[in-house]
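Lifted from Swiss-Prot, the feature list:
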ACT_SITE  K194  active site
BINDING   D37, G38, E39, R96, Q97  ATP binding site
BINDING   H131  Mg(2+) 1 binding site
BINDING   D170  Mg(2+) 2 binding site
BINDING   R196, D220, D224, T225, G226, G227, T228  D-ribose 5-phosphate binding site
Amino acid sequence: MPDMKLFAGNATPELAQRIADRLYISLGDATVSRFSDGEVAVQINENVRGSDVFIIQSTCAPTNDNLMELVVMIDAMRRASAGRITAVIPYFGYARQDRRVRSARVPITAKVVADFLSNVGVDRVLTIDLHAEQIQGFFDVPVDNIFGTPVLLEDMHARGLEDPVVVSPDLGGVVRARATAKALGDIDIAIVDKRRPRANVSEVMNLIGDVEGRDCVIVDDMIDTGGTLCKAAEALKERGAKRVFAYATHAVFSGNAAKNIKNSVLDQVIVTDSITLSKEMAATGKVTQLTLSGMLAEAIRRISNEESISAMFN
């Protein structure tokens, strides 16, 4: 069996260290810095010839910097004769442009990034909760898209929810809401119907379902500015919801997210460490962060040992 080695870029160093601790190994020795003109500089400081290399790097903000770090690290590993290179991308950026709508003159950036990673020499990709599952098909290498739901469900079960109802923040999230509701004992779901006049601005229009006197659990794959989420929570409280919790795998938290969430009627927002939480978000007092390290460590172990990934969720 090839020697397994873990390396990390600068996007999520804390998560990378937690994964290494779970696997009882040390992070590999690599210097990831910048040249004086801002270009990415990578130096691998140990032998990786023939090794089973895993590079842990979310492509979150600053998205372009983190993506280039990942790409340059993959190239460095390939040129150093690594046996196999797996890109572990807890949060896969550029995933929201995955199709052209009505032949609009726009790029499909998810495909661009997939080609970028494939062409530079990655052998496999491990990620969590892709914004659109069909993005896996953009790659010419195997992709393991695992689910962060078990980590979130564990917190839901421990939270002592009273007469809970799972809420989808939009019509597109109904499948996720139904799956969560089933995992919580086949409980009720509700749907917030919204209209989005422009990017990152949303308006709640209608609520489908009964939430009066009940704890509401809003589920989504990511939270960006929090505009949709906060307006959904407001609509739920106006309809008599007792408490409103929001669960999401990816804490993008861009723009006015901290202000929006701090001033909202949300009781708590629960996210994972696929993206490092900023000090500003932590200071809101409304955000709880769970770790994906155990799940990712197990997935990495299984990939290295040629074991089934899907068996993790059976």
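For all residues, glycine too, the Cβ spot is worked out from N, Cα and C.
Structural mapping of features recorded in Swiss-Prot.
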residue : record                            : Cβ neighbours (10 Å)
D37     : ATP binding site                  : 5
R96     : ATP binding site                  : 13
Q97     : ATP binding site                  : 17
D170    : Mg(2+) 2 binding site             : 18
D220    : D-ribose 5-phosphate binding site : 23
D224    : D-ribose 5-phosphate binding site : 19
T225    : D-ribose 5-phosphate binding site : 21
G226    : D-ribose 5-phosphate binding site : 28
G227    : D-ribose 5-phosphate binding site : 20
T228    : D-ribose 5-phosphate binding site : 23
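Binding residues for ATP (D37, G38, E39, R96, Q97) extend across at most 30 Å, taking the greatest CA-CA distance. Cβ neighbour count for G38 (ATP binding site): 8 (other Cβ atoms within 10 Å of its Cβ, all protein chains included). In this structure, the CA atom of G38 (ATP binding site) is 27 Å away from the CA atom of D224 (D-ribose 5-phosphate binding site). Counting every protein chain shown, the Cβ of H131 (Mg(2+) 1 binding site) has 17 other Cβ atoms within 10 Å. When the neighbouring Cβ atoms lying within 10 Å are counted for each of the recorded positions (E39, K194), the highest count belongs to K194. The two recorded residues, G226 (D-ribose 5-phosphate binding site) and E39 (ATP binding site), show a Cα separation of 32 Å. Distances between the Cα of D170 (Mg(2+) 2 binding site) and those of the binding-site residues E39, R96, T225, G227 are shortest for G227.
The shortest Cα-Cα distance between D37 (ATP binding site) and any of the binding-site residues H131, D224, G227 is the one to D224. For the binding-site residues Q97, H131, D220, D224, G227, T228, a Cα-Cα cutoff of 10 angstroms around the residue listed as 'active site' retains T228. Taking the C-alpha positions, the distance from H131 (Mg(2+) 1 binding site) to D220 (D-ribose 5-phosphate binding site) comes to 10 Å. If you measure from the Cα atom of G227 (D-ribose 5-phosphate binding site) to that of Q97 (ATP binding site), you get 19 Å.
Ranking the binding-site residues D220, T225, T228 by Cα distance from E39 (ATP binding site) puts T225 first. If you compare Cα positions, Q97 (ATP binding site) sits closest to D224 out of the binding-site residues D220, D224, T225, T228. In the three-state DSSP reading, D220 (D-ribose 5-phosphate binding site) counts as strand.
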